[in-house]
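Trainee: What follows is a structure written as structure tokens; I'll ask about it next.
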Amino acid sequence: MNKISPQGDANGNAAAGSKALPGGEGAQACVTQTNRTGFLCDDRSSCIPASRVCDGVRTCARGEDEEEALCRAVPQSLPGFLVTHCGDPASWIYSDQVCDGINNCGDCSDELSPGTTCPPCGPGWWRCPSTVFRYCSCIPRSLCRDHVQHCSDWSDEYSCPGPD
């Protein structure tokens, strides 16, 4: 989870709202191989996960995912398709972290309704009420019967059949 904080220049002026984005035509969304929101590199064929933009590592061949115009005032300088706001309006995550099974926002607003429309637990996951900290409503089955409580009702230790 990330906190939104005011950004400014050396004189304390707020960063301008709309900046020209790398790539001439502006940043474009794409869908990654794992069916997540991504950032289309200038080569128009490389699609990197949203969370790899402005992470300090040049992932696109020309490094446009780390250009100053894009990364100067994160999240305000990022295109809207890369950012999702959490239940706490001062917190945000990258859009590819929504519905990934992990409690990225800290309040599960990235995994549970009404804010999201995440699919039910998929294969390899166990549904249980209010899991502890890292997960929200599903845990990986690999955590079942591991002698550690992950579900508030202990169903991960007593009811879950274990890994698939």
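Numbering starts at 1 and runs along the chain as it is shown here.
Glycine is treated like the rest: Cβ placed from N, Cα and C.
So TrEMBL has the following annotated:
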type     : residues : note
REGION   : 1-23     : region 'Disordered'
COMPBIAS : 1-10     : compositional bias 'Polar residues'
DOMAIN   : 119-158  : domain 'LDLRAD1-like C-terminal'
Trainee: Give, as a single whole number between 0 and 100, the mean pLDDT over the domain 'LDLRAD1-like C-terminal' (119-158).
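Mentor: That stretch averages a pLDDT of 87.
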Trainee: When the domain 'LDLRAD1-like C-terminal' (119-158) is classified with DSSP, how many of its residues are helical, how many are strand and how many are coil?
Mentor: 7 helix, 8 strand, 25 coil
